[in-house]
Structure formats: C-alpha cells, structure tokens
Amino acid sequence: MDQTVSENLIQVKKESGGIAVITINRPKSLNSLTRAMMVDLAKAFKDMDSDESVQVVIFTGSGRSFCSGVDLTAAESVFKGDVKDPETDPVVQMERLRKPIIGAINGFAITAGFELALACDILVASRGAKFMDTHARFGIFPSWGLSQKLSRIIGANKAREVSLTSMPLTADVAGKLGFVNHVVEEGEALKKAREIAEAIIKNEQGMVLRIKSVINDGLKLDLGHALTLEKERAHAYYSGMTKEQFRKMQEFIAGRGSKKPSSKL
C-alpha cells in the first residue's frame, strides 16, 4: 500500500514494489528551495538509504518545474551558516545514497535544480525541460558540483558555454550529449522513470548497489586506477562468498534464465 509522508514542502511517497518518490512540492514558486526545504530534502534522501523497503528512488518536482534553484529572497540563510554541514546538504546525501536515483525532470532545472539533476544516477526529461546554469548571471559561486560534474559528462567546451552564457540546455540537446538518458513527451517522465525503476528492481539488489558504487567511485579516478578498483572489489566479493551463497547465486541465475527478456528500455 502506498504511504505518503510530507516534510514541509518535500514529499516522500513509498510505493509498493520497492519504489519511493521524492517530490519538491512548491509549485507556485517553481519549486525554488528555502533553507528549510534543503534540510528536509537531505533528510529524505538519508532516510531512503536505511529504509529496507526502498530499492530505487525517483526524484521529481510538482507542477511545471523540477526546481528553479534557490529562493534568492532568503539567500543569506542559504549560503551562510550551516550550509556546509554534510548532514543537511541534499547533494551530499544524494551522493551517499547507495540506491539508484532516477530523476524525472519536468520544466525548469535551474542552477541548484541543475545540480540536483546532476546528482541523479539516471535522468528522464520531458521534451520541454530546460537545464540552465545562472551562477554567473547572479554572482553565485557553484558549490553543489556543477562546475566539475557537467564538463565530465558533456565535455569541457560545451560545459563552459552552458555556464558562462547562462543559456538553457534543452532536453533534446541534453539527450544527444548523453546527459539525459531518455527524452519523453510532456507528462510521461514519471511513467518512464517507473519503468526503469522496475527493470532495476528485477535484478539482484546487492549487486545493483555494488555496481552503482564501483561506477561512481571509479569516475573519480583515472582509468588505470579505476580498473584496479574494480578487480579489487570483485576479488573481495568472490573471496568472501560461502558455498551457500554460490548455490543461491546459481539458483537466481537459473531462475532468471527461464524468463523472457524484458522489453527494451
């Protein structure tokens, strides 16, 4: 049975089947973030990590925007004080979450919203979605990773253009650049995100967590060290398995092999 919890303007809905949906719910302000919302968002992602009923998290925004950035009417409270605390930093908590995060992006993902999208593992965007970096326009120094992550995904030259001009990156262009996984028609982003989540949930969940971890950790290294990391973790994994675990793995593989392949993503 679906369960919905509302933490101020951050909604957490746990659905049957292992999917949780986190929604920024401030549509009249295009889901701009206050300091309190950031704290609640960080807590929501942190809670998902320890919740054994949740296997995949879908992250979205209500109304016609994913997130239009920080509420600049309360800029000082956002950028000063305990903003550096990792426990209340939503991007830090997203990066710490071991489970896959699928972003379902509708409308605007501006500056902080862009950075929240970058913290997702997989992105689905409606055709009208726009990603925009306005740090340079408003004199705000990036601190949630946009200046470093975007160039590693779409290339340095394109990232410089996006950040220095503050011009929007459309969903179609983002898809061609490999930043967005799937571009769908308006109103279809959540549906597609659920399809991807269901495909992930069909797999062996312990290995899903390990593969996400080794991919993300490997991205921080050069290729040679990343390949070494993979071998080390594979060796540790197989060396630590008991005969009973190997038997269960073989049973799982045999059971999966008897099923028809899933439809193409």
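Cβ coordinates come from backbone N, Cα and C, glycine included.
Keep in mind that what you see is a predicted model, and the values were worked out from it rather than measured.
What Swiss-Prot lists as N-acetylmethionine is Met1.
Marked as substrate binding site by Swiss-Prot on the basis of similarity to another entry: Ser68, Gly69, Val70, Asp71, Leu72, Ala112. According to its DSSP assignment, Ala112 (substrate binding site) is helical. Taking a C-beta cut-off of under 8 angstroms and a sequence separation of 6 or more, Ala112 (substrate binding site) has the following same-chain neighbours: Leu33, Cys67, Gly69, Val70, Trp144.
The annotation site 'Important for catalytic activity' is assigned in Swiss-Prot to His135. Neighbour density for His135 (site 'Important for catalytic activity'): within 10 A of its CB lie 20 other CB atoms from the protein chains shown.
Listed binding-site residues: Val70, Leu72. The one with the lowest count of other Cβ atoms within 10 Å of its Cβ is Leu72. Packing around Ser68 (substrate binding site) is summarised by its Cβ count: 24 other Cβ atoms lie within 10 angstroms of its Cβ, all protein chains included.
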